[in-house]
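Chemist: Mind looking over this structure? Questions follow.
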Amino acid sequence: VLSANDKSNVKAAWGKVGNHAPEYGAEALERMFLSFPTTKTYFPHFDLSHGSSQVKAHGKKVADALTKAVGHLDDLPGALSDLSDLHAHKLRVDPVNFKLLSHCLLVTLAAHHPSDFTPAAHASLDKFLANVSTVLTSKYR
């Protein structure tokens, strides 16, 4: 459960991301593909090379979903219900991959905003991404 302080930290951090969200989403995906090559199996139809338009487009989808989640911190299940259905029933993504992408998102945010990536911000963003992952995997059961 996100505390009021966590919610404030997440909103502040995501506010600094601003218009860079799609770029950071794509960068996090690239990090994930390079660091955890098994994740590529979910994207056999993608050009996974650096700067790929397909990775950029999917990065934007990730960023848009996270932006929506930040706007609905008190109702993540409601805000992400359609994505949960998609990932559980159609795409059948292994739940561990959400944790891997979350880690890569944290690394990307820290790389771009080192002075803002305080221990408190890191902890709050980690909790937020864990909650998003939990919601996205909730319909696997």
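Numbers here mean position along the shown chain, with the first residue as 1.
Glycine is treated like the rest: Cβ placed from N, Cα and C.
Sharing the features that Swiss-Prot gives for it:
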BINDING   His58  O2 binding site
BINDING   His87  heme b binding site
DOMAIN    1-141  domain 'Globin'
MOD_RES   Ser3  phosphoserine
MOD_RES   Lys7  N6-succinyllysine
MOD_RES   Lys11  N6-succinyllysine
MOD_RES   Lys16  N6-acetyllysine
MOD_RES   Tyr24  phosphotyrosine
MOD_RES   Ser35  phosphoserine
MOD_RES   Lys40  N6-succinyllysine
MOD_RES   Ser49  phosphoserine
MOD_RES   Ser102  phosphoserine
MOD_RES   Thr108  phosphothreonine
MOD_RES   Thr134  phosphothreonine
MOD_RES   Thr137  phosphothreonine
Chemist: Spatially speaking, which of the recorded positions Lys7, Lys11, His58, Thr134 is closest to Ser102 (phosphoserine)? Use C-alpha to C-alpha, please.
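Modeler: Spatially nearest to Ser102 (phosphoserine) by Cα position is Thr134.
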Chemist: Relative to the Cβ position of Ser49 (phosphoserine), how many further Cβ atoms are located within 10 Å?
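Modeler: So the number of other Cβ atoms within 10 Å of Ser49 (phosphoserine) is 10.
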Chemist: So of all those modified residues, Ser3, Lys11, Lys16, Tyr24, Thr108, which one's Cα sits nearest to the residue listed as 'heme b binding site'?
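Modeler: Checking each of Ser3, Lys11, Lys16, Tyr24, Thr108 against the residue listed as 'heme b binding site', the shortest Cα distance is to Tyr24.
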Chemist: Pick out which of the recorded positions Lys11, Lys16, Lys40, His58 has the most other Cβ atoms within 10 Å of its own Cβ.
Modeler: His58
Chemist: Looking at the modified residues Ser3, Thr108, Thr134, which sits with the largest number of other Cβ atoms within 10 Å of its Cβ?
Modeler: Thr108
Chemist: Rank aside, I only need the closest one: which of the modified residues Tyr24, Thr108, Thr134, Thr137 has its C-alpha nearest to that of Lys7 (N6-succinyllysine)?
Modeler: Thr134
Chemist: Which Cβ among the recorded positions (Lys7, His87) has the fewest C-beta neighbours inside 10 Å?
Modeler: Lys7
Chemist: When you measure from the Cβ of Tyr24 (phosphotyrosine), how many other Cβ atoms are you left with inside 10 Å?
Modeler: 21
Chemist: Rounded to the nearest angstrom, how far is the Cα of the residue listed as 'phosphotyrosine' from the Cα of His58 (O2 binding site)?
Modeler: 11
Chemist: Between Ser49 (phosphoserine) and Ser35 (phosphoserine), find the distance joining the two CA atoms and give it rounded to the nearest Å.
Modeler: 14
Chemist: Filter the modified residues Lys16, Ser35, Lys40 down to those whose C-alpha lies within 10 angstroms of the C-alpha of Thr108 (phosphothreonine); answer none if the list is empty.
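Modeler: Of Lys16, Ser35, Lys40, within range: none.
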Chemist: Take the C-alpha atoms of Lys40 (N6-succinyllysine) and the residue listed as 'phosphotyrosine' and report the distance between them in angstrom, rounded.
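Modeler: On Cα coordinates alone, these residues lie 18 Å apart.
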Chemist: What is the number of residues in the domain 'Globin' (1-141) that are helix, strand and coil, as DSSP sees it?
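Modeler: DSSP composition of the domain 'Globin' (1-141): 109 helix, 0 strand, 32 coil.
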